[in-house]
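Feature list (source: TrEMBL):
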DOMAIN    49-298  domain 'G-protein coupled receptors family 1 profile'
TRANSMEM  33-59  transmembrane segment
TRANSMEM  66-89  transmembrane segment
TRANSMEM  109-128  transmembrane segment
TRANSMEM  148-172  transmembrane segment
TRANSMEM  205-234  transmembrane segment
TRANSMEM  246-269  transmembrane segment
TRANSMEM  281-300  transmembrane segment
Amino acid sequence: MPCEGCMERDNESTDATMEFLLLGFSELFCLRVFLFLIFLIVHLITLAGNAMIFIAVVMEPSRPPMLFFLCQLSVIELCYTLVIVPKALLSLIVVDGSTISFIGCAAQMHLFVALGGAECFLLVAMSYDRYVAICQPLHYITVMSEGLCLRLAVACCLGGFAVALGLTVAVFRLPFCQSHCINHFFCDVPAVLHLACTQSYTPELALLAACVLLLLLPFLLILTSYVCIAAALLHVTSSLGRGKAFSTCFSHLAITLLHYGCATFMYIRPSSSYSPARDKMVSLVYTNITPLLYPLIYSLRNKEIRGVLRKMLRRKRIAQLN
């Protein structure tokens, strides 16, 4: 049964006039200036790193499949941080929290889940690329054609946006209590569900279904790819060959563990374990630190990315000399 004082959204209530209050880091009032500067610096470095990889790959005339997927990953991370971080910075400036409209909150949640879901599917595509490169090297160019890469990229985006749309509609069809204070710095799914005036487990079913489609199934596909890769590497007699093959997978493995580790901790758990303070800290890492680490990991570990960046810097120096 709905709790007393719930706001049922019928024909007389307008979603456009309904607002939520993002409390942000109100409990850390004395540190808000310091946190604002730290978040701003991290945000700018993240934007610069992902933009540099995107520009470098776009300027490269011949792009192998892995570079194509890295370019898409950089675009996703750029959009991802722009959806979340500006509102988080605003919540540090405004003392009493920042307001967000019903439509704005729904749009932010949808984009956040959609981009995260697209990244999950993209990691599957990247694991398939590594599987073909190591297990079927003679057919790699034929299998990983430009057309297949483009279709995989489009499928990743469409899949993420479709699942996110279903989850967002399911969440925002719920009745909300009179208190519209979201104890978070953005419209995260568990934080908004915590305001729902219902004692049934129906709202959690939509989140569970989204977790299965965006987290569990992609992770199982990635795991299957690496089991096949490990089995193929067992037949390689040269330890140098095994090390070289594994090194091409290191960056993808590191990003997969970061992405799925944080996402699993955040969303695959019972609602009784919900803790606003803990969730905000994990979300802080998930939305600020991991997007910063992605370009660093690929810049340091991926030979193709290092080569492309060196070419871009070389062109820039030649242009300055001319």
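Including glycine, each Cβ sits where the backbone N, Cα and C put it.
Between the transmembrane segment (205-234) and the transmembrane segment (109-128), three or more CB pairs separated by 6 or more residues in sequence fall under 8 Å, so the two stretches touch. Contacts between the transmembrane segment (281-300) and the transmembrane segment (33-59): present, as 3 or more C-beta pairs lie under 8 angstroms, all at sequence separation of six or more. Beyond the ends of the transmembrane segment (66-89), by six or more residues, the same chain brings 22, 24, 36, 39-40, 43, 46-47, 50-51, 53-54, 57-58, 60, 98, 100, 108, 111-112, 115-116, 118-119, 122, 125-126, 129, 146, 149, 152-153, 156, 185-186, 287-288, 291, 294-295, 298, 302, 304-305, 308 to within a C-beta distance below 8 angstroms of the stretch.
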